[in-house]
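> Below you'll find the structure I mean.
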């Protein structure tokens, strides 16, 4: 019983840090998509995300549950198109 409590306490204290966002290609642009989630889900899972889908309004892949070390697109630090 003590071991179970120790494991639960450890998980709660350590926590699993995850983030959501738009993954970027090598040029710093969002990964484009048009319809369907299969492509984006595959791209996101290659980055160790829990899932991904095509956000149709933005025509870009959106990943959920990305590790903290994966860079995601941010309008403040946008480098896409030489900006």
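Keep in mind that glycine also has a Cβ here, set from the backbone N, Cα and C atoms.
OK, Swiss-Prot features for this one:
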SIGNAL    1-18  signal peptide
DOMAIN    19-81  domain 'LCN-type CS-alpha/beta'
DISULFID  29-80  disulfide bond
DISULFID  33-54  disulfide bond
DISULFID  40-61  disulfide bond
DISULFID  44-63  disulfide bond
MOD_RES   81  glycine amide
> Please work out which residue of 33, 54, 61, 80 has the most C-beta neighbours within 10 angstroms of its C-beta, and give that one of the disulfide-bonded residues.
61
> Kindly assign residue 44 (disulfide bond) to one of the three DSSP-derived states: helix, strand or coil.
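Going by the DSSP assignment, residue 44 (disulfide bond) falls within a helical segment, counted as helix.
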> Could you give the Cα-Cα distance between residue 29 (disulfide bond) and residue 54 (disulfide bond), in whole Å?
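Taking the Cα atoms only, residue 29 (disulfide bond) lies 15 Å from residue 54 (disulfide bond).
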> Which of 29, 44, 63 has the fewest nearby Cβ atoms, counting only those within 10 Å, among these disulfide-bonded residues?
29
> Using DSSP, what's the helix, strand and coil tally for the domain 'LCN-type CS-alpha/beta' (19-81)?
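Looking at the domain 'LCN-type CS-alpha/beta' (19-81) with DSSP, the answer is 14 helix, 21 strand, 28 coil.
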> I need the nearest neighbour of residue 63 (disulfide bond) among the disulfide-bonded residues 33, 54, 80, using C-alpha distances.
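Nearest in space to residue 63 (disulfide bond), counting only the disulfide-bonded residues, is 54.
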> What is the Cβ neighbour count of the residue listed as 'glycine amide' at a 10 Å cut-off, with all protein chains included?
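Excluding its own Cβ, the residue listed as 'glycine amide' sees 8 Cβ atoms within 10 Å.
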